[in-house]
Amino acid sequence: MARTKQSARKTTGGKAPRKQLSAKSARKGVSPASSAGAKKSRYRPGSVALKEIRRYQKSTDFLIRRLPFQRACRSVVKECSNATDIRFQGPALASIQEALEVYLVGLFEDAMLCAYHAKRVTVFPKDISLVLKLRSRHVKSISD
């Protein structure tokens, strides 16, 4: 069989027309949406969260994006000091971000322990406030 080039075909540019429901099925009250497609499959509760946990535990990237963090740093520094033009070196911002993320991850780990102690799996604001209170007491006892 000889090989030949195929020419481009014209398309109508739309979806194929839907089939009309027969009069019998229309009388039964079957909606076209329910009979047309199957129910969309969903993951079981918690499996997506576990997948995200595994992904973030594998990665070494920053959890907070760089530019929003940089803007937040600049706004905090502007509020604290009177200087109008403040510049940061890239490694300085990266080290501040690294330290902040380590602190926040530790805070949420301890808050999760508080939630488990209360026989819950959801972290509430009261868990975070408890962790902060316990940490401040620990710091005061060390400094005395």
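Using N, Cα and C of the backbone, Cβ positions are placed for all residues, glycine too.
Sequence annotations record features per position, and here Swiss-Prot assigns region 'Disordered' to 1-45.
For K5 (among others), the entry in Swiss-Prot reads N6,N6,N6-trimethyllysine. For K5 (N6,N6,N6-trimethyllysine), the count of additional Cβ atoms within 10 Å of its Cβ stands at 4 [all protein chains shown].
Sequence annotations record features per position, and here Swiss-Prot assigns N6,N6-dimethyllysine to K5 (among others).
The N6-methyllysine feature in Swiss-Prot is assigned to K5 (among others).
Close to K10 (N6-methyllysine) in the fold, though at least 6 residues off in sequence, lies no residue with a CB less than 8 Å from its CB. The annotation N6-methyllysine is assigned in Swiss-Prot to K10 (among others).
The N6,N6-dimethyllysine annotation in Swiss-Prot covers K15 (among others).
Residues or ranges marked as N6-methyllysine in Swiss-Prot: K24 (among others).
Annotation source Swiss-Prot lists N6-methyllysine at K28 (among others).
What Swiss-Prot lists as N6,N6-dimethyllysine is K28 (among others).
The N6-acetyllysine annotation in Swiss-Prot covers K28 (among others) and is backed by similarity to another entry.
What Swiss-Prot records for K39 (among others) is N6-acetyllysine, and it gives similarity to another entry as the kind of evidence. K39 (N6-acetyllysine) falls within neither a helix nor a strand when secondary structure is assigned with DSSP, and so counts as coil.
Annotated N6,N6,N6-trimethyllysine per Swiss-Prot: K39 (among others), in sequence order, evidence recorded as similarity to another entry. A sphere of 10 angstroms centred on the C-beta of K39 (N6-acetyllysine) encloses 6 other C-beta atoms.
The annotation N6-acetyllysine is assigned in Swiss-Prot to K58 (among others). Just so you know, the Cβ of K58 (N6-acetyllysine) picks up 8 other Cβ atoms within 10 Å once every protein chain is counted.
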Between the C-alpha atoms of K58 (N6-acetyllysine) and K39 (N6-acetyllysine), the distance in angstrom, to the nearest integer, is 33
CA pair K39 (N6-acetyllysine) / K5 (N6,N6,N6-trimethyllysine), Å rounded to integer, equals 43
